[in-house]
Amino acid sequence: MALSPTQRSELTITASTVAARPRIDYPSRPSQPPRDFITLLPPELVSHILSYLPYPTLARASCVSKAWRAIIDSDAVLWRDLLKNTKIWFGGESEDAFANSIYARRRRELALNPRPAKALPLPHPYKILFKSRHLTRTRWVQNPEPKHVSFPAHGSSVVTCLIFSHGRIISASDDHSIKVYSPSTGEQLLQLQGHEGGVWALAASKDTLVSGSTDRTVRIWDLNTGKCTHIFGGHTSTVRCLAIVKPEWVDVEDENGVVRKEKWPKRPLIVTGSRDHSLRVWTLPRPDEPEYRSYNPDDHDADPSEACDTDENPYHRLHLEGHEHAVRALAARGRTLVSGSYDSTVRIWDIITGGEPKWVLKGHSQKVYSVVLDLGRNQACSGSMDGTVRVWDLRTGDCRHTLTGHTSLVGLLGLSPSHLVSAAADSTLRIWDPDSGELQFPLAAHTGAITCFQHDEFKVLSGSDGNLKMWNIRDGQVVRDLLTGITGVWQVVFEGRWCVAASNRQDTTVLDVWDFGLENDEDWVGEPPNGIYDDEDFEEDDEEDEGAYKIKRLMEIQDEEDDEQEQADVDAMDQDLVPSETESLEIVDMSGSQEDSVIPRRSTGKRAEPDGDIDIDDDSRASASAGGLDSDTDTMSQTEPRWEPPYTRASSPSQPARSSRHARTAAAPSPSRRPYLASASLLPPPQDETPTRPRIRNPNSRRQR
């Protein structure tokens, strides 16, 4: 653009004027180093600023420096707000339980491996929870090809129970066995044998497994060794349901109406329900407490319901009677137990004081098949053959809601912080609001009765004839089919990245395992389906009850017997006369002698009666199986007993082997009904012992006191 002569003249004058002005030299400021505002601002303001950042940006920001990582990872308010803003905060109870579990796990790890003094602070549990829930919400939908392994299990028998606990798959069957598998490889890690009937109830806590069977016994197993450490008798029919009740803080209202927090129970308990119309409460044995067997498992003529007295069992606490028919389902937390029975009633019990039930809830017109306990809302829910679900008030015993819509037996119930899910024989599932009782979504895509399901706050997995489906719990739509074209699905469980299903294909039982995680998802921590963790180590309350006294007394007796046996071993080594292999001992009364003399005598060559270990062909065992998932008939009256391979522990110089002795408690048992305290054999196991040819000990060979 060309300038006119006038404009050119004005520009020249202006430039000259500016150039003629004196130059002002301002003092130069020294260069300032950049300031890290994240480390300088107050923590509250930093949390507020960071709360505007999405998760991917926060993840990148934590990589800027160690200081930024320490601030971001340890900010509880930041991650709590992020959980709420992304709608994966579920009220606070489940979040607090997760945080307490992480803290307990860290305490154990720090006790073994102290952290360096200059190490970065560990991330707050809410950050771990956010990442785990974020992965749970996205990976299960967006991972099109999760890792998948299948392997046979239990022959062609029905899988009656399936749980996933501490990286183990544990399955039980009506073939009398329990098996433990690795989820990553499908390798069978353990086979737990001993029950003489189908196993219909399982629960696990850390390295301890509890099982209930049609043989009327409750057994405790060590999942590290596969050893059966305890056998509890007392029920006179099938043990159909059980639960482990772990200590937790619960609201307790006193006589004046004052509500306060108390931890109940003081130590973990076992609750069992049976077809004998009753429930029993037991103390869950600790690993360092004495082994106990209500009867000698080597005595195959013994009846578990008649050969034992629960008064002699130091682990037995309560016998709850009142139901008029079989106990089909139970749920317990804190000190509250809810039981459902074929007598069409639901009963509420106090598992600490026992006695009469607090409430007898009547309203169902037919058998009760399922119950759940919702302590947060102070209510319990029950499903019945009458096709309804009832919600009961634990304070008053009144029925808050009657949920209708199912047209057949409601056999399964599940509860999460925001959803109550019911499954019925009418081939549908229904999602309810546990607060209002309103129906949120019906899930109707199956063609047969629902045989199993599990849900969380994101999804529902359900099995029926021919397929296993995954649903979005927030809109009720099918997300994907995990299994199709099979005979039936018996059980399904999931936790975190893992999903396990037991199904039948061409008369073969198969376990399918899916891993929805990717290579960088190692810190994906799953939440247990019931929201109860067992990472915390609980210490028993200072106040001792009768059960605690009996257990301590049993430990003292066992220590005394160990001392006696050690002294007996020393005395035996000090004997001057040691017979050879071809000699036997004969006690001869020497006339005129003040004591008996032991004289060696040559063997006559006659074959002695067997008094040690006898091999029995496995083919001689009789077998039995239940007719179906709900065929929980007591098989003891129909089948021969299955023999249990006795557990043998080799003795060592530092640990002398214990002899077989009867367990004694504070109240001495009668000679005819004395419990059996298993111990290691003094003899090494025979070389030809195999899993299919177990070693059977003659009970008459045990040294009696």
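Here the Cβ of each residue, glycine as well, is placed from N, Cα and C on the backbone.
Sequence annotations record features per position, and here TrEMBL assigns compositional bias 'Acidic residues' to 533-545.
What TrEMBL records for 649-658 (among others) is compositional bias 'Low complexity'.
The annotation compositional bias 'Low complexity' is assigned in TrEMBL to 665-682 (among others).
Feature annotation from TrEMBL assigns compositional bias 'Basic residues' to 694-705.
Sequence annotations record features per position, and here TrEMBL assigns domain 'F-box' to 35-82.
Per TrEMBL, region 'Disordered' is recorded for 523-545 (among others).
What TrEMBL records for 582-705 (among others) is region 'Disordered'.
Under the heading repeat 'WD', TrEMBL lists 192-231 (among others).
Mapped onto DSSP helix, strand and coil, the repeat 'WD' (320-351) counts 0 helix, 20 strand, 12 coil. Among the features that TrEMBL reports, repeat 'WD' is placed at 320-351 (among others).
Sequence-distant contacts of the repeat 'WD' (361-402) (same chain, at least 6 residues past either end, Cβ-Cβ under 8 Å): 91, 93, 250-251, 325, 328-334, 336, 338-348, 408-415, 417, 420, 422, 424, 426, 432, 434-437. According to TrEMBL, the feature repeat 'WD' maps to 361-402 (among others).
Residues or ranges marked as repeat 'WD' by TrEMBL: 403-442 (among others). Within the model, the repeat 'WD' (403-442) carries an average pLDDT of 97.
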Looking only at the repeat 'WD' (361-402), how are its residues distributed among DSSP helix, strand and coil?
0 helix, 24 strand, 18 coil
What is the number of residues in the domain 'F-box' (35-82) that are helix, strand and coil, as DSSP sees it?
34 helix, 0 strand, 14 coil
